[in-house]
Structure formats: structure tokens, C-alpha cells
Amino acid sequence: MKNVFLNNYIFISALLLLMYSCKIPSVNIDDDISARQSTSIDSGWKFYKYEKLQDADSLIYDTRPDYVDTKQVVPADAKPTEAVLKKNNSNALKPWIMPTGNDFISNPKKRFKRPKGNPGNDFAFVQKDFKDSAWTTVSLPHDWAISEPFLEGWDANVGGGMGRLPSPGIAWYRKKIFIPKSDQDKSIFLDIDGIMSYAMVWVNGNLAGGWPYGYTSWRLDITPYISPGEYMQLAIRVDNPPNSSRWYPGGGIYRSIKLTKTNSVHVAHWGTFINTPEVSTKNAKISFELTLQNDLKEKARVKVKTQIFELDARGNMQGTSLAEMVSDQLILPAGSKMTWKDTTHLTNPKLWGPPPAQVPNRYMAVSKVYSDETIIDIYKTPFGIRSLNFDPEHGLLVNDKKVYLKGVNQHHDLGALGAAFNLSAAKRQLEVLKELGANAIRMAHNPPDPKLLELTDEMGFLVIDELYDSWERKKNPLDFHLIFSDWSEQDIRAMVRRDRNHPSIIMWSTGNEVGEQYTGEDGAAIAKRLRKYVLDEDPTRPITASMNYAKPNMPLPKTMEVLSLNYQGEGIRNSPGYSHLPGINTPPLYPDFHKAFPDKMIISSENAAALSTRGTYIFPVTKEISAPVSDTTGGDSRSNYVSSYELYTAPFGSSADKVFESLDKHPYVAGSFVWSGWDYLGEPTPYYLARSSYFGLIDLAGFKKDRFYLYQSRWRPNLPMAHILPHWNWKDRLGKITPVHVFTSGDEAELFLNGKSLGKKSKKDFQYRLRWDDVLYTPGELKVVTYKNGQFWAENIVETTGEPYKLELIPEQKSIKADGKQLAFVQVKIVDSNGRTVPNANNLLHFKLNGSAQIVATDNGDPTDMTSFVSHSRNAFNGSALVILKSRNEGNFKLTVSSQGLQEGSMLLVAKN
Ligand code: GAL
């Protein structure tokens, strides 16, 4: 086998090219799979997790600092603290892991050499002949914790913050793959989308490398460790520390892995960069870079041809090539890399832009590498043509048109499915966000699964791709601050190099509320270092980091082009009802930032942190427009629920109404990202005993909270809609004050209780809801009729329902692919004899499936429900529950849901190929 490549970049100019032309044959794009094969190796892994940490092997990446787990409930905006020193440990395997990141270290002198020796090779689990048949068989993406029972109570080993599931731990994955003799001269790689965390990979007993940060995608060159003609044994050790995250990280190989085989001369890993420096509807200039890698011990002569094709809405390539770039002959020295750059133009390009005003059109660049007349590599790069301008006064312009950012923050988990990435579940999340009217997503606080960015490209979301939640200072004792000094260059370059061709990404964020906001010039120096790495990889997008503490006169904001403010814009703990609370206290800072940085665009990268439990209403209701949750305002620390009047917040937060007012009073702010779009696992502020968040506009199961409609009324002003809260089933409130609030995209509304008008109200300036706060409860019908500009606009009716009577099943899909991956989501509603959902019904449900399919998970969106996600029985929560199904086999299957005393519900689903 040949040598591993040398890692020297050689940026060539046209002058370096040998100036001879040659005829390049025209070949169908997909005609030569021998050029490059990238195959999923997600199925058939063997898995073993140590039950107790003390039983685990000692093949550690690095020693971790001692710390005391105080199980404290630290507020999200607490000041991050200094790292605790680690002890040296000569047994640590870090020196063998560091070389995996060499491709992302720009200074050749700083790259790592693999030390001598082969640690771990005498350990049974890495050896070829180890019998792993007793281990569990799993498929990737795999999250080892999500199907486990919840850990309850104040003293649980994993508390509310990390989602009460056993994601910490040490485990092994093994898989055998046959490598045919014909691969003798190939370069062979593992392309890993993400492993949570501290992954270390042995190939045929050799420690080949690894990567500690769980959210980075990375490539491992395994060529030197395999013998073609034989089975290759992979063994991957995964180590997820306790107290390492402020949310549920998941555990294990939670994203996909591909085995990629190329010829020795090939397009390098993430080896293309496409951007569009000049864009109009008449013409677009496309700037293209392609990095070639020569793994041979001798020099290679190649040529490259790149053709541009249009993609349809589903991503299929259309027609013939629209433009073409052809290189002269390129000479790659032995073991080297070289970047070829060229530009081309497209006339009448179809631009990429966010709906509804624009269309997310996409193109595909297909690059073929030729050695003489033979195609030796084919590499495809989807991209979009669009211009971005970040205007300090007018906000974001996409293709010269203003786009107000209607954004949400999203964590990476998929609710009851955990961290294991699933395309249909991710798509479902985005579809509900579209319905909401959101056009932007901040990936809080880490690079997402790469397939999520394919979806955001396809659906036209604007994305902030973010790297870390902490730099050198820590938020949790064993969070990723431990690897920051060793890995920040590699992680950030990996994020940008992987993601820079996505038209959906509009800016890079290097961090979230990092402790370095507090460390003056030292913190700013780190920001500048990270910024430099990003600019090397992509000079076309602005760089930011979210600040909840740094003020305009501090060094950190000076380091960024776009100012991302978390909560500071509308002020933190400064309004009545909040000012007595301990913690950061800041007046509204948009004007100060705008004045200090007249040349920088401002966004509200996090705001609100409002809290609610779907369908739960707690009395009395505050008369304020925003109040911190407590047992006397909107909260109930016995049930651990927060009222859905949508006025209550975390101590540092503000209700949606207050946020909207602040944004409307500062129109130069380019838009905002609410914390959060969907509920997520972990961080159950304000109730540590719960297991998932209260921040979402959408609950963990995907059911809309009332707040969804408040945002929809603002973000989709042309959609006629009206929404009444609360529900009207209040047996114990006869004659009691029961406020009624209405969210509408209209400007005026009249409320009727049992046909009698309770008055017409219109929205005043900076008013976002209409409220009838003195309604005395009497059962029956509440109806609101809304108007816009004096014309009828929309209406909504809420009725007192009868008792629970039967179960109704609402499938979100009628058929799915029988591939064991695509999911069907079925909503279960408890309805009365008139078919109306009973809004406070929590009956125990039993789910049964006949036929060739499987119940993957069930949920109900209740953050306090400790029923395991894989349970086939669970209570409905406020009228609703969710069942998630999949199938490997074709056929019809029948889902039946039953509950004592209720008429059962059933439905047929079809799985086909
Ligand atoms: C912010 C933080 C988020 C989340 C949010 C709500 O301070 O950046 O990650 O914790 O608070 O608690």
C-alpha cells in the first residue's frame, strides 16, 4: 500500500499550469462509479456499553479534572468560570488522536505526528478475533440513551439539565467490513458525520485516530491500516462525560458513517468552495475552487472539468450543463494537495432566496478529474446563487431584497427520538416552523447533522451555523472547554469547510454567551484567532458570536461584523417585576450598540426565553405584559407546569409581547431568533425535576402551544387567522374571572360568550394580543370574530366539550417507505361524542401495532412525563399524544390505540418501496 499523503497545501496560480490543451470527452455524469464510492455503513454494528463507569477500560483520551458534582441548578446566563487544571497522564491516547485533525491546522509546524507504539492493541475489544456476538446489534444513527428509563429526583445521576437520560458513559461499537482485493490501490476513508463524544477508532487493532468534539463531522484515513482481500475490523470507543452539557447531548454514534473509496488522486475532503461574488437576475459570476489530493508517492498529472447543472425543487439534476470550467494540465507533486481556481458566468440565473417572496433555487457543480482520458474522480457540489448584504440600518438583504429575520433557535435533538439524526423527523420540525412563518434558524450551539443543512437549502431557511457553547471558560465542569485549546482551529475549520457551499448559511457564529465576554482583551484575542480561521476557509460571510453580557465599550463586539445580542436588546432583569432578581441586570441596549457601531448590523440572536406547558392555564393571570415565572405568577412547582397565557419567562427573559415591542421600536435590528422554536430535551427551566424544556413555541411531540399562534400572527400577517386561549372546560371556575386572550393577524376583534358580545377591541400601537381580562367563566361557546382594515378577517371558536368518549387517530403521513428509516407520525386525540378534542384529558393510552412495522417511540409533549419514550402505554397530555412508527417491510399495518372506558381508535398505514 502506498504512503499516506503529505499535508502540504500548494495554492497554484494559472502560471504554474502547463499550458497545453487537450480534448476532454463528454461523459454522462453518473457513468463511472469506479471513480469514487461512498457507501453507508450504518447497519449491522455491534454495541456494548459499560454498566458502571468504574468497570470501563482505561483507554482514555485524556485525564479529566477532578470536580464536585453539586447538582446545582445554575441559571443559563450564569457567568462561566475558569477551567480547573488537569493532571498529566502518560497513559492518555490524545497524542494518537491529534493527527486526525492535521488537515485543519494551517501551520505545518503545528501539525501532529503519530507517535510510535500502538496503544490499546492488546485490548480484546479492538482485536479481529474478539467474539462480539453477545453484544447488541444496532443501526446508526444510534443514541444509546434515548430508549432508557428516565432518572428521577433531585439526586439522579443525570439531572434535569442533561435530560435525565443516561447519555454519559463509555461504550464500544464494532463492525466487520470486507475490503476486496480490487481496492488495493484505493485511498479509503471513514466519513463520520458525528459521534458523541471523544471517539477513538481502531482499525484491525491499530489506533487510527479520532475526534473529541461530538458535533464535528470528520474524516479518518484508514488506508494504512487495511489489507485488501480481507475483512476489516472497526472498533470505535465512545466516551461521553457526565456534567458535560447544558442540554441533552445524546450518546454514541448518533449520526451516519460512510466508507469512501477513491483513487489515489482525488478531490480532497470537502474539497470544493463555490461562491457567487456578483449576482443579478441577468447574470451571476460563479467563483469555484477545487482542492486535489495526490496520495501517490509520485507526481500526478490531471485535468479537471466542472459543469454546472440546474437542480429541480427535489434536488434532481436537470438537462444539460449550463456552464463549464476546464483546467489546464495540473501537476501534483507526490503526497501533496493543490487548489485549482476558476470562475464562470451564468446568464439569467435562478436565484436562491427564502420563501415566500423568493424561491430556493439550487444548482449542482459536477467536477470530473481526468488522468489522460480516464475519469479518476467525480465530485458533486450542490450550491445556490444569491447575494447577501448586511446593512446596519436596513437589515439583511438577500438578492437586494430586504428579508426580516423571523428566526428560531433549535437544539439538535428530535424529541422522543433523541439525538439520533432522522431525516423525516428533522423535516417535520422544519415543516412546522414553515407553517409558523419562520424563515431563519440559529443552530444552537453547534454544527448540525449535515443533512439538516441540505433541508434548509431545499426549503429556503436562512441559517446561522454555530460552533461552541464555551471556549476556554466553562459552563459545566466537563464540557468542551476541555478541548478548546487543542481543537478549536480544527473544529472551526471543519465546520466552515464542510458547510460553506450551503446557500442557506448566512453567517458563522464562533460561540454562544462564552465566558470570554468577561475577560476583556484576552477574550477578544480568542475571538480574533477564531475569526481568522473562518476567513481563511470562507471570506464571504460575516462572523459573529452571541453576547448576553458584553457591552458596546468592551473589546469583544469590536471583533465581529454582525452583532448578535442575546436578551440584551430588550433589556435583562430591568423591567418591573424583574429588577429584584439576582444576575445580569441590563437596560435595553439596542440603541447603545447601534450608536457605538453604526457600521454593523445587529440581530437579536436569542430573545424571549418565555415558558409554557401546552394547554395548561394557571390563575390568576398577571396584568403585566411580561412576568418572571414563580409560584404566584404563572408557575406551579407542585405540578411543575407553567401557564400557557404566554406571559411568563425565565428570570433573564421577556415575553413575546415585550420582545416584539422592543424590535418594533428599533427597526434597524435585522430580526430575531426566539429561544426556542421546538422544545428540546434537558434544560427544563424553571423545574429541574422535569426532563425537557418549556421554552418552545412547539412542544417536544410537535404539538403547537398557544405561543405558536402569537408568532404566526406576527410572522404571517397576510394569513387570516385568529386563536383563542384558554380552553373552555373549567368545571371549578363557574363565575370566576377567567381571562380570554386572542392572537390574530387582524387588527380588531369582537369576542362573544354564548352569543353575547363581550366587546370589540382593537390593537393599539405596540400591542400584539387582544385581551378580555374580566371574563366570568360560564360553560358554552367562546367565539372571536376578527377584522383587518375594517373587513372581516378570521374567526375562531372554542367550546366546552363533553367527557372523553373516543380516540381519534390523525396520521401525518398515509404511507411511508419500507426502508426502516422513514417515519410515520400519528397524532392521537381524545375526543368527546361530538368529535371535539377534550383539552384537559390525560387518559392512559395503549398502543398496539399489527403487521410489518414497529412503534419507535411515543410522546405527549409533557415535560414532566417520566414514561420511557419507547413505552407502548402512556397518558395523553391535555388531549393529545403522538406515536412514531417505521417499517422495514412492505405491507399494510394497523395501529390501534385503546384506553379504558373509551372507544378505541385504529388506522391503516402502508409501507412501500
Ligand atoms: C441562554 C442560552 C441558551 C439557553 C437559553 C434559555 O442564555 O444561550 O442556550 O440556555 O438561555 O435558558
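Just so it is clear, glycine is given a Cβ too, placed from its N, Cα and C backbone atoms.
TrEMBL has this to say about the protein:
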- 172-244: domain 'Beta-mannosidase-like galactose-binding' (DOMAIN)
- 276-386: domain 'Glycoside hydrolase family 2 immunoglobulin-like beta-sandwich' (DOMAIN)
- 395-550: domain 'Glycoside hydrolase family 2 catalytic' (DOMAIN)
- 735-794: domain 'DUF4982' (DOMAIN)
- 807-906: domain 'Glycoside hydrolase family 2' (DOMAIN)
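Mean pLDDT for the domain 'Glycoside hydrolase family 2 immunoglobulin-like beta-sandwich' (276-386) in this predicted model: 97. Taken residue by residue, the domain 'Glycoside hydrolase family 2 immunoglobulin-like beta-sandwich' (276-386) breaks down under DSSP into 0 helix, 76 strand, 35 coil. Across the range of the domain 'DUF4982' (735-794), the DSSP-based residue counts are 0 helix, 35 strand, 25 coil.
Helix, strand and coil content of the domain 'Beta-mannosidase-like galactose-binding' (172-244), in residues and according to DSSP, is 6 helix, 41 strand, 26 coil. Residues of the domain 'Glycoside hydrolase family 2' (807-906) grouped by DSSP class, helix first, strand second and coil last, total 0 helix, 53 strand, 47 coil.
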